[in-house]
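Read through the structure below, which is laid out as structure tokens, and then see the notes.
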Amino acid sequence: MTEAFARAKINLTLHVTGQRPDGYHLLDSLVVFADVGDRVRTEPAEALSLAITGPQAVNLPVSDDNLVLRAARAMGGQGARITLEKHLPVASGIGGGSADAAATLKALAELWQRPLPEAAAVLRLGADVPVCLEGRAVRMAGVGEILEPLAGPLPPAWLVLANPGVSVPTPPVFKALARRDNPPMPERLPDWGSADELAAFLAAMRNDLEAPAIALAPEVAETRAALAAEPGCLIARMSGSGATCFGLFAEERPARAAAEALRAAHPGWWIEPARMAG
């Protein structure tokens, strides 16, 4: 048996800088990961199969179009019994499906003793799959295929992730964008010596999908505001195309206290504190 952890992908920034003739949008994004996520387990079998367990399994029915099965077929489609233990909300802007696909590629590469697919095949699985396969903090550009390592390590920090229980499909959010030629981040990203310095940088940056997502799902604005109001929250913003938002904290204790308070105030929300991983 092999196992891989599918960590949540967090877009600390997400600038939409253009659109290609084929319709794909060009992005400039600072991507980090959180130490919370799904787990993929694989075992030898004659046929390819997928079982989904975990607290979020009810929201993700098994189908041939599931990214886990698509990733398995991209690896060559041998037999394997795959179990996806689902903890991340579905269609929530934190790369759950893409992280699951990347974890499947890693687990099956070990099980079958095969190399990972070429970069183009990985990108065809989804724009976030390459960065999830990378699994570390990067600057992501192009349509997701350009991954630039950061100049230095990220400062120690914690994230509180909050999802109000609504799914925000990505295509309508992009369709509702007012502009598709927004300015990118600075050419050279600074080195951040502390979580406060990182938060100050983020405050001058954007998630261009936040406004259209809020127009489609006003709960996103409520979630962001609830995070921002918690003591110790340095900045709150939506990740990806939503609806999950993150709050950035310098230390573990206020992050866990914020998560506990938010769970009490919003029992229907999905809320997780997690260390920010570089």
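Quick reminder: no glycine exception, Cβ is built from N, Cα and C everywhere.
So that you can see what the record holds, here are the features copied from Swiss-Prot:
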{"type": "ACT_SITE", "residues": "Lys9", "note": "active site"}
{"type": "ACT_SITE", "residues": "Asp128", "note": "active site"}
{"type": "BINDING", "residues": "Pro89, Val90, Ala91, Ser92, Gly93, Ile94, Gly95, Gly96, Gly97, Ser98, Ala99", "note": "ATP binding site"}
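Across the structure, Lys9 (active site) and Gly95 (ATP binding site) are spaced 5 Å apart at their Cα atoms. Shown in sequence order, Ala8, Lys9, Leu88, Gly240, Thr244 are the same-chain residues outside Pro89, Val90, Ala91, Ser92, Gly93, Ile94, Gly95, Gly96, Gly97, Ser98, Ala99 whose Cβ sits within 8 Å of the Cβ centre of the ATP site. DSSP assigns Gly97 (ATP binding site) to a helix in the three-state reduction. When the Cα atoms are compared, Asp128 (active site) and Ala91 (ATP binding site) turn out to be 13 Å apart. The binding-site residues considered are Ala91, Ala99; of these, Ala91 has the fewest other C-beta atoms within 10 angstroms of its C-beta. Fewest Cβ neighbours within 10 Å among the binding-site residues Gly93, Gly97: this applies to Gly97. Contacts of Gly95 (ATP binding site) defined by a Cβ separation under 8 A and a same-chain sequence distance of 6+ are given as Ala8, Lys9, Asp128, Val131, Cys132, Gly240, in order along the sequence. In three-state terms derived from DSSP, Lys9 (active site) belongs to an extended strand segment. The Cβ of Pro89 (ATP binding site) lies under 8 Å from the Cβ of Gln56, Asn59, Gly96, Asn163, Gly165, Ser167, Thr244, Trp270, each on the same chain and at least six residues away in sequence.
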